[in-house]
Each structure stands twice: as structure tokens, then as C-alpha cells.
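Some features that TrEMBL has for this protein:
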- 60-83: transmembrane segment (TRANSMEM)
- 98-271: domain 'Cytochrome b561 bacterial/Ni-hydrogenase' (DOMAIN)
- 104-126: transmembrane segment (TRANSMEM)
- 141-162: transmembrane segment (TRANSMEM)
- 199-220: transmembrane segment (TRANSMEM)
- 240-261: transmembrane segment (TRANSMEM)
Amino acid sequence: MRKIFILLCSFAGLFAYNEEFKKAIQYNSSVWGKARVENIDTYYNHPFAEWFVWLQSSGFFANLALFAIIAVLVAFVGHYAIVGPKSFSHDHGKVYAFNVIERLTHAVAALSWVILVPTGIIMMFGEEFGGGFFVRLCKNLHGIATILFAIVLPYMFFKWLFRMLPATYDARWAIMVGGYLSKNKKPIPAGKFNLGQKAWFWVCMGGGFVMVITGALMYFLDTQIPVANGAFLGMTQIDILRLSAIIHNILGAACAVFLLVHIYMAVFCIKGSIHAIINGYKEEEEVYILHHYWYQELLRKGKIKPSVFEKEYTNLKPVK
């Protein structure tokens, strides 16, 4: 019962910054309590300590994330200016791609990530933002968005898992970068999801799951929950904090980059493609060109009729 009470108090701490909360949680931990002083020598002489302190104090992770984001944005501008967006005919048939539940869970996940990434970056640069209420607000929003993402994560993972497994034609897609570096349109070797989308899926689902765990470990660090305080793993709380922070920051930078790529591809790179996750339908030409093997699959199953674009483009050889 006591553990349940402490757990509830921990959640309450999302919105509370008072002395009662500190006494109930922080002062009883080896991180904030009297053990903080008693364990200084142990923590300082740990072989991992100096490296971790340098990584955190130098702003390495924050600068890494900022550099990666700027580099990706510059690449987007260059791609849009040189190659330009791809556009597909809206005058022909449409292919049903995503059902209502898929679209709703994607909307929740999208909202979560749109909150998680900027608030995470702001927390990385908390000192530059002056700390205080604004950074605490971002921290609270970050926690709420994490819960939302954690709710829809299982459904999205198992719903799309089979489609996200590697396929033999993914290597061909990678060699030609999905045709995104060319202004010409021709059928691309990809199923319902291409290699880029598969990579985003595994970063989002796999990396997101790990970030939920590491984030929870950091947040519940001051509780007496065995897994959170390190007792279950045979590690000290400070070791749990250090390891979780490093993993969380590295994955955070990667996820920020992939999110930007995902947004660019859906909103700017392929005109109108974002509507597929809103109304569930993709344009016939887009499916025929960018997801040609999915087109062939739907054709074999009798779910669609032969496309008028078969006369305009050359079909790829069916996958055996």
C-alpha cells in the first residue's frame, strides 16, 4: 500500500513543486537525501562519472540535437529548391490505405511527438531559456505527451509490424533513394511502406519505447520503486540516472531528425500525401509510382482494378 501511495505521489509531482512533495519523495532518496553527501566519494570516483559530467556540462547532447536539426532543415531547403516536390494526379481513382482507428492512433501519436520533440529540446537548453515556470511547463507537457504516446504505441506497433519487416526490394529502394533525388516519375520498388517509412517506424516505435522507459526511470528516480531506484538492477540511483539520460538524449536527437524528415515528406516533398492519413485515401498515381509492389498486391487480391497509368509507365517485375 505504501508503494502505491508513493507512486501516486510521484504522478502528483508532475504539477506540484512544494515542500511536502520534496519531503515525501526527494529527501528519502539517495540522490536528494543525506546520502547525497555521503555518496559523493563513491559517485565521483566511479569510472563513468567524469565522462558523464563532461557530456552533460558541455552541452554535448543539446548541441548535437541542434546541429542535426539545422543540418536536416538545410538539406530540406536544398532538396526543395533543386529537385522540388513530387505531384500526382488527383483526377483518377483513390486507394483506401488507412482505416479510422489507424488514422486516430496516428493523430494521437503525431500530436504527442509534436509536443515531445520541442519540449525535449527546450529542456536540453533549459539554462538558456532561463529555467523557471516555462521550462517546468515544458517538462509537464513532455510527461503528458509521453503518456499519450505510450497509450497508442502498442496498437500501432502490432498493426503495422508485418508491413514494416525488411523486404528484398528495400535494397533497390535504398540505392535509388526512393526516386526522391530525381524529377522523373517511374515505378518505385516499395510495398505499402517504403524503406524510409520502415526506418521511421522502428525509430519511432523501438526508440520511442526505450525513451518511455528511460524517461520513466529518470522521473521516478526519487521513489522507492525497485526498478526506478536501481535496487532491482543492482545499480545505484545515480548510475540509473546517468545511463538513462545518455540513452534518452541520443535517441531524442535521432527521433527529432526522423520526425522532421517525416513531416517534410508528408507535407512538402509529396504534394497532397498528408491527406492519406486524414481521410484514409491515397491517389491512384501515387500508389502506382511510389508503392508499386503494394499496387500489384492489391491488384492480385482483386481489391482494385488495373490502373490507367499502366499505359503511361512500365510495370516492375512482380516480386516472387
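The backbone N, Cα and C atoms fix where each Cβ goes, and this holds for glycine too.
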Given a Cβ distance threshold of under 8 angstroms, which distant residues of the chain, six or more beyond its ends, lie next to the transmembrane segment (60-83)?
54, 121, 124-125, 180-183, 246, 249-250, 252-253, 256-257, 260-261, 264, 268-269
What mean pLDDT does the predicted model reach across the domain 'Cytochrome b561 bacterial/Ni-hydrogenase' (98-271)?
88
